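Peer 1: As listed in Swiss-Prot for this protein:
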SIGNAL    1-20  signal peptide
REGION    21-261  region 'Non-LT domain'
REGION    264-507  region 'LT domain'
ACT_SITE  E310  active site
Amino acid sequence: MRRYPTLVVLLLLVLLPVLGCDLSMKRPIMDEIRKTGVLVVVTRNAPTTYYQGRDRVEGFEHDLATLFAAHLGVKVAFIKKQSRGEVLQTLHEGKAHLAAAGLVRQEEDGDRYLYGPDYQSVFQQVVCRRGGVRPTNLLKLTQAKLTVVKESAYEDRLRELQQLVPQLTWHSDDNLSVEQVLEQVWLGKVDCTLADSNVVALNRRYYPELTVKFPINAEQRLAWTLPKRAVFLHKEVVTWFNEIRSNGQLDELFEKYYGFVEGQSFDFVDNRQFIKRMSERLPSYKHLFMEAARKYHIPWQLLAAQAYQESHWDPKARSSTGVRGIMMLTQVTAKALGIDDRLDPKSSIHGGAWYLSNMRRRLPSTITEPDRTWIALAAYNVGLGHISDARRLAKKQNLNPNRWSDLRQVLPLLSQSKYFKDTKFGYARGDEPVRYVAKVRHYNDILTRMERKNYTGETTPFVEPNTALPMVPLKEQAVIGEINPMDGRMVETSGKEAAVPSPKRRY
C-alpha cells in the first residue's frame, strides 16, 4: 500500500509533459480577464489602427477593441508596438490577451495562434513615388531601392518571390513602421516599398505623390490574432463579431474610418493642390476658422475643409448661381444673418459656421454623431427639406434614416421622377450632397492628420518633397506589371496607374 504514493508521483512525472498544455490552462485567459477587469490588447500606432486624435485616442482597431471590452464588461488597456513582429512577440510572451493590429491571417501560423473572423480584405502593393523609378513588374523592381519593415508580412512575401527572381533584393528596417516607410518614399529617400492596400488608400491622401505600381499577391484577410490557449476568449470573439455584423456596429466603424475612401477615386491633382494650398492660403484664415470653431462648437478642421470644398479658400469666390465668399453664402442667408459683405472672410466663415451648426441643431435627436455632422453637411449643401425627403424614402426602403451610410444610398434617387414625385420637396440633384460630404470628409481627414503630425513633431507634407524629382503627367503612366499569385508568373497589361482598391469588408 505504501508503494501507491510513489507510483502516483512517478506517473505524474511521466505525464507532465503531455499534460503541460492543459496545466497551463489552469487559469484560462478569460478567468484572468474577469479577475483583473482588464482586456490587454496589443496594437500598432498607425492611421488604420490606433492613434491620438484631436481630443482622444481613435482608430479602427482601437474602437473595435474598446467595443469588445465593453461587451465583456471590462476595461481595455493598449500596448502600442510598431511592427507585426513586435506585436506577435508581445502576444507570444503573454503580455497581451489578443492582437488587434490590422494583421493578415497567416494560415502557416495556425499551430501558434488562433484567428478571429475575417473583417477586411487587402492586397500587398508595390508603392513608389510619382516621377521617380517606374518598375512595371518584378524583374524591373530589382533595379529599385526597395525598403520594407523588418520581419513583416511584406518581407515574408519578398522571400517567397526571391525564389522566382533570385536577384530581388531589399533593405529591411526595424526602426520604421510601414507608414513611416511610405513617408520615406514620398520624401524621395527610398524608391519603393510594399504596403497593404487599405494602408495605401489612406496614406496617399496625405502623400499624393505616392503611386501604386502593381500588386504582388492575392487577396489577404485581416483578423484578430490570439494565443493558441485562448480558446474561450476566441469563442467570445467569434460570437461578438457575428453580433456586430448583424446589428450594424461593424458597418458604422467602417463608415467612420473609411467612409470617405470607399467608392471614391483618388484625384492626384486635387490632392496635391489641396496640400499646396494648406501652406499658401490656409495660414491667412486659420485663426478665423479656430475662432468660429470655438463659438459654434465645430472642429476648426471641419470648417476649413468645408470652406475649401466651397471656395478653395478664395474669399472672393463667386458662382453663376449667386453664392459668394469663402463659405459661398447665398444672398438670402447673408441677409438673414445680418452680413452686409459676403466677401469679408470673417463674416463669411462665421456665417457658414452658424448655418452648419443650425442644420445640425435642427436634425431629429435620433440622429447621433458622427452621422449627425455628415447629414448636417448634406443639408448645408442640398437643403434640409430634401434631407427630410431622403429620410422618409430610406424608411420606405427599410434603411436606417439616422445613418449617413444609408442616406447616401437614397439621396441620388431624388433625381428620378418615380421617387421624387411622391416627396414633399420634389426633385433634387441628390448625388451632389453625397459627393460634397465625401470631399469635405476627405479634406477634414487630411487637415486633422497634418495637425496631429505637427503636434507630435513628425514630418508634415506642407512643402514639396524632393523638388528635384520631375513630375510625370498623368497620361504618361507606366504599364502595370502584375504577379500572377497562383504561379508567380509576371503578367503585363497596358493601362493607367494601378488602382488602389477601396478597403473591402469581408462579409
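In case you wondered, yes, glycine gets a Cβ from its N, Cα and C as well.
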Peer 1: Run through the Cβ atoms and count how many others sit within 10 Å of the one on the residue listed as 'active site'.
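Peer 2: Step by step: centre on the Cβ of the residue listed as 'active site', count other Cβ atoms within 10 Å, giving 23.
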Peer 1: Please classify the secondary structure at E310 (active site) using three-state DSSP.
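Peer 2: It is helical.
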Peer 1: Could you tell me the mean pLDDT over the region 'LT domain' (264-507), as a whole number?
Peer 2: 81
